[in-house]
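K.L.:
Next up is a structure, given as C-alpha cells.
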Amino acid sequence: MACLNIHKRCEKREMEKDEYTFDGSVDKQGEPAVRAKTGRWFAGVLLLVNQGLATLAFFGVGVNLVLFLTRVMGQDNAEAANSVSKWTGTVYIFSLLGAFVSDSYWGRYKTCAIFQAIFVAGLVSLSLTSYIFLIKPNDCGDEETPCGSHSTISVALFYVSIYLIALGNGGYQPTIATFGADQFDEDHPQESHSKVAFFSYFYLALNLGSLFSNTILGYFEDQGMWTIGFWASAGSAILALVLFLIGTPRYRHFKPTGNPLSRFCQVVVAATKKWNVQQPSRGDELYEGDEQDLPLNGNRRILHTQGFKFLDRAAIITSKEGGGNSPWRLCAVSQVEEVKCILRLLPIWLCTILYSVVFTQMASLFVEQGAAMKTTLSGFHIPPASMSSFDILSVASFIFIYRRVLDPLVARLKKSSPRGLTELQRMGVGLIIAIMAMVAAGIVEHFRLKSAEKYCSHDCSNSSSLSIFWQVPQYVLIGASEVFMYVGQLEFFNGQAPDGLKSFGSALCMTSISLGNYVSSLLVSVVMKISTTDNMPGWIPGNLNKGHLDRFYFLLAALTSADFLVYLICAKWYKYIKFEERSIEKQNGEKQGDFRV
C-alpha cells in the first residue's frame with residue numbers, strides 16, 4: 001500500500017512537470033507557462049523582497065521629507081506639510097501612467113524594470129545634490145543647526161531629483177503588485193489561495209521594508225546625517241533592481257491588451273450612435289463577439305449584467321452592421337461590461353479618498369505633533385518620524401491576526417459562505433478604525449496643549465511635558481485600519497478589474513492615496529485660511545503650541561464618519577463582475593504556438 005502511494009505521488013509530480021497554467025500566462029519566450037518551472041512562490045518571494053527593498057529606499061526619503069524641508073530647505077510647518085502632501089500625491093498619480101503603459105503596451109515586466117531604473121537614478125541624483133549643494137554648512141540639518149539659503153540651481157536639482165523618485169516609484173508600485181499576483185494561477189485550487197495570500201504578504205513586505213527606514217535611517221537623518229540616509233536608500237534600490245532582474249527566467253507574463261481608452265471610447269460612441277434603437281428584453285440577444293473579441297490571455301468573457309442599460313446599445317446588432325463590423329458601431333458584450341465595471345468601481349474608489357487623507361497625516365502632522373512633545377527617554381532622543389514603526393508593527397500583527405484568527409472565525413460564523421469578510425466589508429471596517437485613530441490623535445493633542453509651553457522660542461521641539469509615546473494608540477489604529485482598507489482595496493480592485501486592466505485596478509488603490517494627499521493639502525490650506533485671525537495664528541501654525549491641531553483631527557474624524565455613511569450606500573449598490581468559466585480542456589489541448597505573444 002505504501003509503495004502504491006509513493007507511486008501515485010511520483011506520477012502526480014511527473015504530471016505537474018509538464019502541466020501548463022490554466023490562466024493563459026506565458027514564459028519569457030512567449031510559450032505557455034509550465035506550472036512547475038515558472039511563477040509560484042519562488043518568483044513571488046523574489047518580488048516580495050524586491051518590494052521590501054524598494055519601499056525601504058522610498059521611505060528613506062519620504063518619511064523624513066517634512067523635516068528635511070523645514071531644517072534644510074527652510075520651509076515652515078504648514079508649507080512643508082503641503083509640499084510633502086503634493087509630492088506624495090504626485091507619486092501615486094504616476095501610478096496611473098505605470099498602469100496604462102503596463103496594460104496597454106509594455107507589459108508588466110518591462111514596466112517594472114524601466115520605472116525601477118528611473119527610481120534608482122532619482123535617488124542617486126538626490127544623494128549627490130544633498131552632498132554637494134544642500135547640506136551647507138557641513139553637519140547642518142539637525143534640530144539645532146538649520147542650513148543656510150540655497151541657490152536656484154541647487155533647489156531646482158533637489159526638486160528634479162525627488163520628482164524622478166516620484167515618477168520611478170509611482171510607475172513601479174501598481175505594476176509590481178499585479179505582476180506578483182500574475183505568478184499564481186487563479187484557476188488552480190492551491191495557487192488561487194496563494195494569490196489571495198500574496199496581497200497580504202505584499203503589504204506586509206511594504207511595511208517591513210519601511211521599518212528599517214523609519215527607525216535606523218530615520219535616526220541618522222534626524223541627527224542631520226541626511227547624505228548617509230539618502231545613499232543607503234540608493235543602495236537599497238539598486239539591490240532591489242538586481243534581484244528583480246535575477247528572477248527573469250522564472251516569471252510568468254501576460255500579453256498587454258492594447259489601449260483601454262480606445263476600447264472605452266468605442267463603447268460610448270457605439271452606444272450613442274444607437275441612442276434611439278430599442279433594447280432587447282434579454283441580455284443573451286446582444287452581440288457576444290467572436291474569437292478575436294476575446295481577451296488575449298485566458299479566453300475569458302465577462303458575463304452580461306443589468307444596469308447602465310444605455311451602454312448595452314453598443315452590443316445591439318442592427319441592419320447597418322454587415323459582415324465587416326466596425327468597433328465604433330458594434331462592440332461585444334465583454335467590451336461593454338469592461339466599461340460598466342470601471343463605472344461601478346468609481347464610487348467605491350471615491351469613498352476611499354477621504355481615508356487616504358487620514359492616512360497621510362502620519363507622514364506630516366503626526367511627525368510635527370511628535371516633534372512638539374517630549375522626545376527623550378532616559379536621555380535617549382526618539383526621532384518623531386520613527387514613531388511610525390508602531391504603525392508598521394501594527395500592520396504586521398493585524399495581518400497575522402486577520403488571516404489566522406478573524407477570517408476563519410467569521411467564516412465559521414457565516415454558515416452561508418465559506419469566506420470571511422468580503423473585501424467591501426473589510427474596507428468598511430478600515431474606515432471605522434480610521435475614525436477612531438483621528439479621535440485618539442485629537443485627544444492626545446488636547447492634553448499635549450494643556451502641558452505645552454506656549455511662549456517658546458522659534459524651535460518648540462520638546463516644548464510639552466507629554467511623552468511622545470502617547471502617540472502610540474493613533475499609530476496602532478492607523479496600522480490596523482490599513483490592513484482592512486488597503487489590503488482589501490488591493491484584492492478588490494485587482495479582482496474586480498477586467499483581465500486587460502489588472503494594473504489599472506492596482507493603480508486605483510494608489511491614486512486614492514494620491515488624491516487623499518492633494519485633498520489633505522487643500523484641507524490644511526482652507527482650514528488655515530478660515531481659522532487665522534488677528535488674535536489667532538490658525539489651527540496649524542509654525543508653533544503648534546499656539547494652534548489647535550486637535551480641532552483639525554476632530555474635523556477629519558467627522559468628515560470620515562460622513563464618508564463612511566456614503567460608502568455604505570455605494571457598497572450596497574455595487575454589483576460584482578462575473579466571468580465566464582475558462583475551458584480547462586481547451587487550454588490543455590491547444591498547441592504551444594497558439595500561446596505565443
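Using N, Cα and C of the backbone, Cβ positions are placed for all residues, glycine too.
Just so it is clear, the model here is predicted, and its values are computed rather than measured.
The transmembrane segment feature in TrEMBL is assigned to 45-69, 89-106, 113-133, 153-172, 198-220, 226-246, 345-367, 387-406, 427-448, 552-574.
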K.L.:
Taking contact to mean three or more C-beta pairs under 8 angstroms, with sequence separation of 6 or more, is the transmembrane segment (345-367) in contact with the transmembrane segment (45-69)?
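P.N.:
Answer yes, regions in contact.
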K.L.:
Given the transmembrane segment (89-106), which of the listed stretches 45-69, 153-172, 226-246, 552-574 has the most Cβ pairs that are under 8 Å apart from it?
P.N.:
153-172
K.L.:
Out of 45-69, 113-133, 226-246, 387-406, which stretch has the largest tally of CB pairs under 8 angstroms to the transmembrane segment (153-172)?
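P.N.:
It is 113-133, which has the most Cβ pairs under 8 Å.
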K.L.:
Which of 45-69, 113-133, 198-220, 226-246, 552-574 shares the most C-beta pairs under 8 angstroms with the transmembrane segment (387-406)?
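P.N.:
Stretch with the highest Cβ contact count: 198-220.
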K.L.:
Six or more residues beyond either end and a Cβ under 8 Å away: which residues meet both conditions relative to the transmembrane segment (198-220)?
P.N.:
44, 48-49, 51-60, 63-64, 177, 180-181, 183-184, 228-229, 232-233, 383, 385-386, 388-389, 391-393, 395-396, 399, 402-403, 479, 482-483, 486-487, 490-491, 494
K.L.:
Is the transmembrane segment (45-69) packed against any residues at least 6 beyond its ends, judged by a Cβ distance under 8 Å, and which are they?
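P.N.:
Non-local partners: 75, 79-81, 83-84, 87-88, 116, 119, 123, 126, 141, 162, 165, 169, 172, 176, 179-180, 183, 198, 201-202, 205-210, 212-214, 217-218, 221-222, 226, 229-230, 232-234, 236-237, 239-240, 243-244, 246-247, 250, 363-364, 367-368, 371, 383-385, 388.
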K.L.:
What residues in the same chain, six or more past the boundaries of the transmembrane segment (226-246), come closer than 8 Å to it by Cβ-Cβ distance?
P.N.:
46-47, 49-51, 53-54, 56-58, 60-61, 64, 68, 72, 112-113, 116-117, 119-120, 123-124, 126-127, 130-131, 134-135, 141, 213, 217-218, 220
K.L.:
State the non-local partners of the transmembrane segment (552-574) in its own chain: residues 6+ outside its ends, Cβ under 8 Å from one of its Cβ atoms.
P.N.:
344, 347-348, 351, 354-355, 357-358, 361, 365, 424-425, 427-428, 431-432, 434-435, 438-439, 441-442, 445, 524, 527, 539-540
